[in-house]
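K.L.:
This is the structure, below, for whatever I ask next.
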Amino acid sequence: MKFKLIAEYFDRLEKISSRIQLTSLLSDLFKNTEREVIDKVVYLIQGRLWPDFTGMPEIGMGEKFLIKAIAMAYGNKEEEVEKLYKNIGDLGEVAYSLRSKVKGVSILSFVGGNQEAGELDVMEVYNELVKIATSTGEGSRDIKIRIFAGLIKKATPIEAKYLVRFVEGRLRLGIGDATVLDALAITFGGSADYRPIVERAYNLRADLGDIARVIATEGIEKLKNISPTPGIPIRPMLAERLPDPEEIMEKMNGKALVDYKYDGERAQIHRKGDKVTIFSRRMENITDQYIDVTEYVKQFVKGDNFIVEGEIVPVDPESGEMRPFQELMHRRRKNNIAEAIKEYPVNLFLFDLMFFEGEDYTTKPLPERRAKLEEILASNDKVHIASHIIADRVDKLREYFYQAISEGAEGVMVKSIGPDSIYQAGSRGWLWIKLKRDYQSEMADTVDLVVVGAFYGKGKRGGKFSSLLMAAYNPEKDVFETVCKVASGFSDQELDEMQKKINELKREQKHPRVVSDMIPDVWVSPTLVAEVIGAEITISPLHTCCRGEKGGLSIRFPRFIRWRDDKSPEDATTNQEIMEMYSKQLKKIEEKPVDENI
């Protein structure tokens with residue numbers, strides 16, 4: 001399959017903002033994609049070479065490397081490329097412009113002989129990009145530049161444009177996983193009615209390229225038989241939130257299992273034979289940060305093939321008391337991990353079992369999952385079952401909540417124990433409800449919002465980003481709707497971090513998945529997630545979250561709490577959750593029903 005066809009579709013997709021049109025065109029691309037490369041095409045659409053959970057390296061070519069490669073490919077001086085880049089502001093367009101001026105293919109040391117421009121095929125492109133990503137050690141920088149220069153030299157202008165953007169991490173297609181799932185269902189199932197089957201398979205095996213390969217080569221019926229696979233993460237089950245214990249117990253029909261909600265890092269732990277792998281909430285491979293935890297699991301959790309879930313929590317080695325979540329940040333550094341492991345010890349608190357020795361436990365009710373989890377855990381002081389009770393009264397839930405807070409937990413997770421209490425992978429529902437600490441605010445809880453824009457500061461902050469445009473996620477439309485502008489709560493260190501984060505993700509135009517009336521100084525690709533608290537939720541004509549006749553919903557006096565690197569944009573607080581918080585706030589504060597006209 002020719003890569004030029006992919007590039008031409010990318011060019012068309014980039015110009016579309018309607019999700020319906022995006023889905024239709026993406027489906028058309030899949031129909032024209034050869035079955036043996038469809039997984040690679042899906043990865044390219046996602047802007048990656050492989051799923052994050054593989055732990056494989058990224059491309060590793062920054063702006064300066066790309067400028068050198070473009071100059072080498074087209075016979076220009078680096079200064080000329082830099083000047084053109086300053087004028088155009090897009091290295092992909094720079095490559096397109098320079099390649100358009102080159103006639104034929106000049107001599108360049110590159111494996112591939114005298115291949116003519118436009119003859120690149122998808123597998124050739126993919127394999128060369130893999131070589132670039134996996135090139136390490138002495139001289140790897142020059143190898144990466146030379147390989148990429150050779151690749152774009154053989155490319156047509158449109159291919160060069162999207163190859164550069166891919167390597168730079170700026171594809172700008174505006175396509176989320178939900179849109180890909182819709183397109184796969186339409187292409188290989190015949191209609192969007194098959195979306196639940198495709199989505200369930202993806203929730204249990206979070207490798208979108210592999211799901212595309214299975215449905216394209218073996219048919220949609222094959223997806224119905226997909227079950228969890230150790231080594232491939234399951235999309236985590238998510239909880240709803242409520243501030244009132246009485247209302248929570250009503251939702252649970254008067255009886256529920258109540259776990260501590262630990263202030264740690266949620267972890268999905270897979271064992272396949274002798275290999276133990278740990279995935280974050282975002283399904284990234286974080287095994288290297290928790291080598292000690294892998295050893296604990298091997299020692300104390302019985303079985304050779306299983307998937308369990310829990311919370312990794314920093315603890316005081318002397319007292320065993322829980323320590324602040326921030327201590328885990330020390331384990332994210334690339335150097336001296338062994339020292340960090342020794343200095344910042346952790347315990348693992350398990351709360352679920354999804355797969356054990358060939359059996360899918362996601363379809364079993366929670367009491368059965370928990371009983372098996374307790375059965376396979378040997379007594380020890382490193383790995384524990386999450387502290388829990390069975391609550392059948394509101395006062396019992398309330399007392400346990402205060403006990404959890406007093407012992408350093410964030411709150412509690414209240415979980416259904418009924419016959420339908422399955423593990424809903426990738427879904428947010430009322431089977432789990434979180435009750436967190438009251439922040440002494442009209443907002444009963446923090447929210448996790450996505451950065452979609454940034455504003456420059458004034459005075460001593462002049463020339464630097466000092467506030468962020470934040471959005472909630474609308475899962476029905478697969479878009480991000482603005483809800484507030486955050487300018488307070490940042491420490492000096494966090495402000496410095498903000499500059500780097502925003503500069504890496506800034507873009508000239510609004511991302512197609514962002515719905516905003518407010519125009520920031522800089523648009524940002526919706527990738528970063530931050531935890532935010534505010535005074536209350538109000539109606540605002542400036543924001544688009546849950547917009548109705550009177551405006552959208554907005555958070556008054558928002559304050560930054562912390563970055564949530566463990567969450568993906570799609571894990572952010574949803575527009576519906578914001579609406580529910582607003583409704584409950586009105587009921588509590590104004591003692592009148594929610595205005596249905598918003």
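Just so it is clear, glycine is given a Cβ too, placed from its N, Cα and C backbone atoms.
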K.L.:
For the ATP site that Swiss-Prot assigns to Asp259, Arg266, Arg281, Glu311, Phe351, Arg428, which of Lys272, Lys434 is also named?
P.N.:
Lys434
K.L.:
Within a 10 Å radius of its Cβ, which of these recorded positions (Lys261, Glu311, Arg428) has the fewest neighbouring Cβ atoms?
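P.N.:
Relative to the other recorded positions in Lys261, Glu311, Arg428, Arg428 has the fewest Cβ atoms within 10 Å.
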K.L.:
So if I measure Cβ to Cβ from Lys434 (ATP binding site) and keep only same-chain residues at least 6 apart in sequence, which ones fall under 8 Å?
P.N.:
Ala239, Glu240, Arg241, Lys261, Gly411, Val412, Met413, Val414
K.L.:
With H, G and I counted as helix, E and B as strand and the rest as coil, say where DSSP puts Lys434 (ATP binding site).
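P.N.:
The three-state answer is strand.
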K.L.:
Could you check the binding-site residues Arg266, Arg281 and say which one's CB has the most other CB atoms within 10 Å?
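P.N.:
Top count of Cβ atoms within 10 Å goes to Arg281.
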